[in-house]
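Listed in Swiss-Prot:
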ACT_SITE  49  active site, proton acceptor
ACT_SITE  60  active site, proton acceptor
């Protein structure tokens with residue numbers, strides 16, 4: 001069984017959904033990033049979604065876009081991201097590790113090499129937010145050849161054809177977005193209609209559904225679980241916490257000014273978000 005299957009089975013038996021934080025790798029440095037990831041896991045994260053910094057993150061709002069920039073200002077490369085994933089995998093052998101990476105990266109490295117490298121580092125799944133499922137065939141083939149679960153986004157207003165394609169192609173989980181647009185707590189998730197979003201995808205079968213985009217509070221998590229999702233992904237809210245403890249001006253590297261304060265704030269936030277996954 002895959003790590004995702006193990007996780008969803010365990011959580012289902014416990015009457016819980018999954019809480020999955022999105023964290024940008026190397027923001028603001030590799031060592032800081034490892035400590036942030038460790039804090040998230042120890043505070044209750046069930047799985048990880050890790051970003052690889054990119055210079056033109058079109059699917060991200062301002063908060064996450066700035067985290068790409070901080071990591072790049074600190075010298076982040078794809079190779080340093082792979083090294084950090086391997087370090088996380090060695091420290092936490094059971095946790096599912098999902099990647100969020102823009103499509104230019106696999107094109108630059110070559111599809112087969114790209115998926116093989118991330119599999120060898122310890123990643124379980126890869127989502128390319130700028131690659132729709134209708135263009136996914138070569139990525140799916142390369143991912144499955146390397147033992148990586150391909151993940152696709154199910155947009156809130158997707159056509160029947162898209163939802164059917166996403167449900168068939170996504171392994172591990174399906175990333176359903178609670179509203180269309182870019183990531184971020186700048187626009188909070190609308191909890192009205194979440195059940196319709198989830199039910200619409202479930203009609204086609206497929207992997208468990210994780211809801212993302214604009215999920216920034218325990219209530220949003222609880223609403224996602226109540227709507228029938230298997231869990232929720234939170235990114236911008238966590239990235240904002242990290243940013244509030246960083247000091248530095250682009251293009252210079254940023255530093256974390258209060259590591260203990262950051263650890264405490266992240267722990268409190270993630271613990272509260274995880275507590276909201278308990279099914280009523």
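In case you wondered, yes, glycine gets a Cβ from its N, Cα and C as well.
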CB neighbours of residue 60 (active site, proton acceptor) within 10 A?
25
Measure from the CA atom of residue 60 (active site, proton acceptor) to the CA atom of residue 49 (active site, proton acceptor) and give the result in Å, rounded to a whole number.
14
Within 10 Å of the Cβ of residue 49 (active site, proton acceptor), how many other Cβ atoms can you find? Include all protein chains, please.
24
Three-state secondary structure of residue 60 (active site, proton acceptor) from DSSP?
coil
